[in-house]
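Asks: Sharing the feature lines straight out of TrEMBL:
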BINDING   G95, T96, F122, D207, E208, V209, Q210, T265  pyridoxal 5'-phosphate binding site
BINDING   R125, S264  N(2)-acetyl-L-ornithine binding site
MOD_RES   K236  N6-(pyridoxal phosphate)lysine
Amino acid sequence: MSSLFPTYQRWELSAKSAKGCTLVDTNGKEYLDFVGGIAVCNLGHCHPNVVDALVKQAETLWHVSNLFQIEGQEKAASVLAEQSSGDYVFFCNSGTEANEAAIKLARKHTGKNHIISLANSFHGRTLGSMAATGQSKIHEGFGTMLPSFTYAKLNDIQSVQEQISSETAAIMIEVVQGEGGVRSIDQTFATQLKELCEEHELLLIVDEVQTGIGRTGKRFGYEHFHLSPDIITVAKGLGNGFPVGAMIGKEHLKAAFQPGSHGSTFGGNPLAMAVVNAVLETVFDESFLAQVEEKGKKFQGYLQEALQQSAAVKEIRSLGLITGIECHEPVAAFITKARELGLLVLPAGPNVIRILPPLVVTEEELQQAANILAQVVGHTTATVH
Ligand code: PMP
């Protein structure tokens, strides 16, 4: 009998150790970990640079984040500010918290409450970020949501426009809806959103928790769409598996947050910052990012080839190394079968298989995964070479 709240439907897999893209269970079975990318996406499991940085820091100083000058925090903030459209950074411990900080900053700066987010979006599980989430199944049973969110349709600018009022503070989007089925915004929508924000003086908040820090082959996913968000949130890949998040905001928002406005005991603590600096040094490198983009394209090709015969597959969508295979039927059984064959993948809604390999994945590993997926979804044994 477990003493844990049954909040998760866990797999019958007891993880023991992991290295690179491979995870090993307590029976010694090895899996290609193509869900690892959701949290340890950048450098794979137990990357020596990250381990070294963490161990060195663990031997030197662990403390709270908010009392002292912390060199690592200043350094990580300056890198994030330099490499993004933002100028100032607030560190926290998760994606949800980064979105809470974004919502609070947008409200405080504008003095307005209303935020338009998108149907089918996912922004987190705390009361604010849950209200921002455009999925009623996430809200169910938890009583009244923050009333100040409305949800527009993805890639439908008229639907956004109709919801704007004098009380609107911001528009909040993911450039690729991860939990929502690996669905991307399109360039027309992005351009029109930008124009709407300018016209109505609305803040643009981009949740890059799943797409940021190299996942799509760019530092941040919004770069693909030539956006310049006022607020960006990141987490997951920022810590390569270590719990950390960040909210990055433009210069004009700085004054809204003063000492006492917002805070976190551990957000930006020395251990987290040692990891973040090691991650950013490697990922924010042009040749590393170019490889991600290249591998993403190759993987898309392998999947097209491996799954072309499959009647189950409706569409394969990807941006860099975030990939969704939409099927005509529920994918739960495919995901279990893939695991039996040694490949870990996730669902994104009932009909989409979501694939997020670590960014250091090799071409051979991508081919191997495509071949396993062909066996699972394709009902064939086609082999990709
Ligand atoms: N935003 C997005 C886009 C996410 O995908 C997630 C997690 N799936 C979150 C926010 C919440 O992040 P966390 O679980 O770190 O709180």
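Cβ atoms here come from the backbone N, Cα and C positions, even for glycine.
Unlike curated entries, TrEMBL annotations are predicted automatically.
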Asks: So if I take the binding-site residues (R125, D207, E208, S264, T265) and measure from each Cβ to the nearest atom of ligand 1, which come out below 6 Å?
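Replies: The qualifying binding-site residues are D207.
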Asks: Taking the Cβ of F122 (pyridoxal 5'-phosphate binding site) as the centre, how many other Cβ atoms fall within a 10 Å radius?
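Replies: Looking across every protein chain shown, the total is 25.
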Asks: Give me the Cα-Cα distance between K236 (N6-(pyridoxal phosphate)lysine) and V209 (pyridoxal 5'-phosphate binding site), rounded to a whole Å.
Replies: 6
Asks: Cα-Cα separation of V209 (pyridoxal 5'-phosphate binding site) and S264 (N(2)-acetyl-L-ornithine binding site), in Å?
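Replies: Spelling it out, the Cα of V209 (pyridoxal 5'-phosphate binding site) and the Cα of S264 (N(2)-acetyl-L-ornithine binding site) are 18 Å apart.
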Asks: Specify the secondary structure state of T96 (pyridoxal 5'-phosphate binding site) as given by DSSP, simplified to three classes.
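Replies: Once the DSSP labels are grouped into three classes, T96 (pyridoxal 5'-phosphate binding site) ends up as helix.
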Asks: Looking at pyridoxal 5'-phosphate and its recorded binding residues G95, T96, F122, D207, E208, V209, Q210, T265, figure out the farthest C-alpha pair and report it in angstrom, whole number.
Replies: 25
Asks: For R125 (N(2)-acetyl-L-ornithine binding site), which of the listed binding-site residues (T96, D207, E208, Q210, T265) have their CA atom within 10 A of its CA?
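Replies: Qualifying among T96, D207, E208, Q210, T265: T96.
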Asks: Given Q210 (pyridoxal 5'-phosphate binding site) and S264 (N(2)-acetyl-L-ornithine binding site), what distance in Å do their CA atoms have, once rounded to a whole number?
Replies: 22
Asks: What kind of secondary structure is D207 (pyridoxal 5'-phosphate binding site) part of, going by DSSP in three states?
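Replies: Looking at the DSSP assignment, D207 (pyridoxal 5'-phosphate binding site) belongs to a strand.
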Asks: If you draw a 10 Å sphere around the Cβ of S264 (N(2)-acetyl-L-ornithine binding site), how many other Cβ atoms fall inside it, taking every protein chain shown into account?
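Replies: Taking all protein chains shown, S264 (N(2)-acetyl-L-ornithine binding site) has 19 Cβ neighbours within 10 Å.
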Asks: Starting from each candidate's C-beta and looking 10 angstroms out, tell me which of the binding-site residues R125, Q210 has the most other C-beta atoms.
Replies: Q210
Asks: What same-chain residues, at least 6 away in sequence, bring their CB to under 8 Å of the CB of D207 (pyridoxal 5'-phosphate binding site)?
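Replies: Set apart from D207 (pyridoxal 5'-phosphate binding site) by at least 6 residues yet with Cβ under 8 Å, we have G95, N99, A102, S121, H123, M172, I173, E174, T233.
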Asks: Whole-number answer please: how many Å between the C-alpha atoms of S264 (N(2)-acetyl-L-ornithine binding site) and T96 (pyridoxal 5'-phosphate binding site)?
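Replies: Spelling it out, the Cα of S264 (N(2)-acetyl-L-ornithine binding site) and the Cα of T96 (pyridoxal 5'-phosphate binding site) are 13 Å apart.
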Asks: What number of additional C-beta atoms lies within 10 angstroms of the C-beta atom of K236 (N6-(pyridoxal phosphate)lysine)?
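Replies: Around K236 (N6-(pyridoxal phosphate)lysine), other Cβ atoms within 10 Å: 27.
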